[in-house]
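Visitor: Here it is: the structure, laid out below.
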Amino acid sequence: MQAVWIRNDLRLTDNTALIHALKIAEREQEPLLLFFYIDPLQLAPETRSHDYFFAALADFYASCQSKNLPLYLITGPLDQAFATLFDQFPMVKGIHYNVSHRGYGLKRDRKVADMLRDKGTIFKGYSDHHLHAAHEILTKDDTPCKVYTPYYNQWKLRTKRQPLSLDLAALQRHVIQDISVKNQDGETLFQTLCRQVQGNYADWLGEDNAQERLRLFCVKKMHRYHLDKDFPSIDGTSRLSSYLSTGQLSIRDVFLQVSQAPDSQGKENFIKELAWRDFYQMVYAFHPQQKELEVMEKYQGIPWQSNDEWFTKWQAGQTGFPIVDAAMRQLQTEGWMHNRLRMIAASFLTKDLNIDWRLGEAYFSQQLIDYDSASNIGGWQWSASVGTDAVPYFWIFNPTLQSQKFDPSGAFIRQYVPELRDVPDYAIHEPYHFEQKLRTKEGIELKRLYPPQIVDHKHQRLQSIEKYKYYEKTP
């Protein structure tokens, strides 16, 4: 018997571990078990990222059921859960899974490998989540690339794997059907977790939705991607990130459909974003401590201000900087934030408020439905100027100028900060600069509507630069 461990690869299409396991089952004329491990150490039921994942898992579970592909659910401490699996399915000879290259998943897989080695069970991992694995693109000295551009120059020349086709009829023939009696503990916990999900994610679930969004992006948006991607009021991005983070969409399917589209500047820019995704997972694989430590060693130990009031106002979208507040409220409302706004919000927290990037990264990890540890950590270290190929420390986003450039009409601000909807365009980006004019000309008493700026950007910018300068000079 062969078994496939489903994880954050919630799809049947081009699922590398699944398709390879099926080939073995066909060749050896063996049954195939599909299972999912509900890990108590990964449960965080009060976070949106947890809720979205279990909504996606429930959708995948239902889809499998409709195709007569039962999913066996196990739970409990790692050793006990796998002991239960082997007690109930002692004929399992091999477990197939898509590799986790980083963080807790990597440590967990190593523990399972040790357990299965003692049993003589094959534990076979496959590269599935990225176009190129972490150790695939290196420098001439076989060391990890520290800068994106030379990494990309190699990346774009490498052949990309084609999506694998699935023989659904063969899968249905081999998958074990009668697991209901053996599935009770995992099933009970699974149903409880699904009932606890808050929020409606129906529009963002399933392989079919993912494929349709990919198709529409390639046909209708991608040719303008380079023009529209930085404007949050325009629906100009792919919005595929939540499907990729949960594995409802294959990255090889994405690359194939994008590469088959007509050439355009937008297409080229989007492909570069796919390379950034691979770059950040490479960085995390070679710097597994980067969730806690800055990749740039000279900035390890750099001081950060502890200000709970400022941090709470940043979280709540009450900083007095409309574009920052709109961004944070979009995150609260949707569990997603436009990429340009992620950079603005991160720069503001780390350089205007001088608050530790780790706090911002942790908050995003709870709120984002598309949370990907490598990309999120990489993005935060980039914004804080402490990571690999990070933005220079003196590059500090001016939130007002960013707002004027990327939300010139204030449409996005008015959508998420409705108390400013009657503020005219001339004042929408920095309303307190026009406080008296708004009162006398527009009849708007600003203090009754919206908080003043919690810091002075110019002052905070200079302080931030001085802090980084000191660490730049430190040997």
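Backbone N, Cα and C atoms are what each Cβ position is placed from, and that goes for glycine too.
Taken from TrEMBL, the feature FAD binding site applies to Tyr225, 237-241, Phe270, 273-280, 370-372. Positions annotated as domain 'Photolyase/cryptochrome alpha/beta' by TrEMBL: 1-131. Per TrEMBL, site 'Electron transfer via tryptophanyl radical' is recorded for Trp304, Trp357, Trp380.
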Visitor: Between Asp370 (FAD binding site) and Trp380 (site 'Electron transfer via tryptophanyl radical'), what C-alpha distance do you get in Å?
Guide: 15
Visitor: With helix taken as DSSP H, G or I, strand as E or B and everything else coil, how many residues of the domain 'Photolyase/cryptochrome alpha/beta' (1-131) land in each class?
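Guide: Once the DSSP states are binned, the domain 'Photolyase/cryptochrome alpha/beta' (1-131) shows 63 helix, 26 strand, 42 coil.
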Visitor: With Tyr225 (FAD binding site) as the reference Cα, tell me which of the recorded sites Trp304, Trp357, Trp380 is the closest one.
Guide: Trp380
Visitor: Counting across all protein chains present, how many other Cβ atoms fall within 10 Å of the Cβ of Arg239 (FAD binding site)?
Guide: 17
Visitor: Between the recorded positions Tyr225, Phe270, Trp304, Trp357, Trp380, where is the Cβ count within 10 Å the lowest?
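Guide: Each of the recorded positions Tyr225, Phe270, Trp304, Trp357, Trp380 was scored; lowest Cβ tally within 10 Å is Trp304.
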Visitor: Find, among the binding-site residues listed as Asp278, Asp370, the one whose Cβ has the highest number of other Cβ atoms within 10 Å in the structure shown.
Guide: Asp278
Visitor: Helix, strand or coil at Trp304 (site 'Electron transfer via tryptophanyl radical'), per DSSP?
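Guide: Trp304 (site 'Electron transfer via tryptophanyl radical') sits in coil per DSSP, no helix or strand.
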Visitor: Can you tell me which of the recorded positions Arg239, Ala275, Asp278, Trp304, Trp380 is spatially closest to Trp357 (site 'Electron transfer via tryptophanyl radical')? Compare CA atoms only.
Guide: Trp380
Visitor: In sequence order, what residues of the same chain, 6+ apart, have a Cβ less than 8 Å from the Cβ of Ala275 (FAD binding site)?
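Guide: Ala275 (FAD binding site) has long-range Cβ partners Tyr148, Tyr151, Tyr152, Trp155, Lys156.
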Visitor: Could you find out if DSSP has Asp278 (FAD binding site) as helix, strand or coil?
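Guide: Going by the DSSP assignment, Asp278 (FAD binding site) falls within a helical segment, counted as helix.
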Visitor: So of all those recorded positions, Arg239, Phe270, Trp380, which one's Cα sits nearest to Trp304 (site 'Electron transfer via tryptophanyl radical')?
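Guide: Result for Trp304 (site 'Electron transfer via tryptophanyl radical'): the nearest of the recorded positions is Trp380.
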Visitor: On the 0 to 100 pLDDT scale, where does the domain 'Photolyase/cryptochrome alpha/beta' (1-131) sit on average?
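Guide: Over the domain 'Photolyase/cryptochrome alpha/beta' (1-131), the predicted model scores a mean pLDDT of 94.
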Visitor: Please report the Cα separation of Asp278 (FAD binding site) and Trp380 (site 'Electron transfer via tryptophanyl radical') in Å, rounded to an integer.
Guide: 16
Visitor: In whole Å, how far is Phe270 (FAD binding site) from Trp380 (site 'Electron transfer via tryptophanyl radical') when you measure between their Cα atoms?
Guide: 20
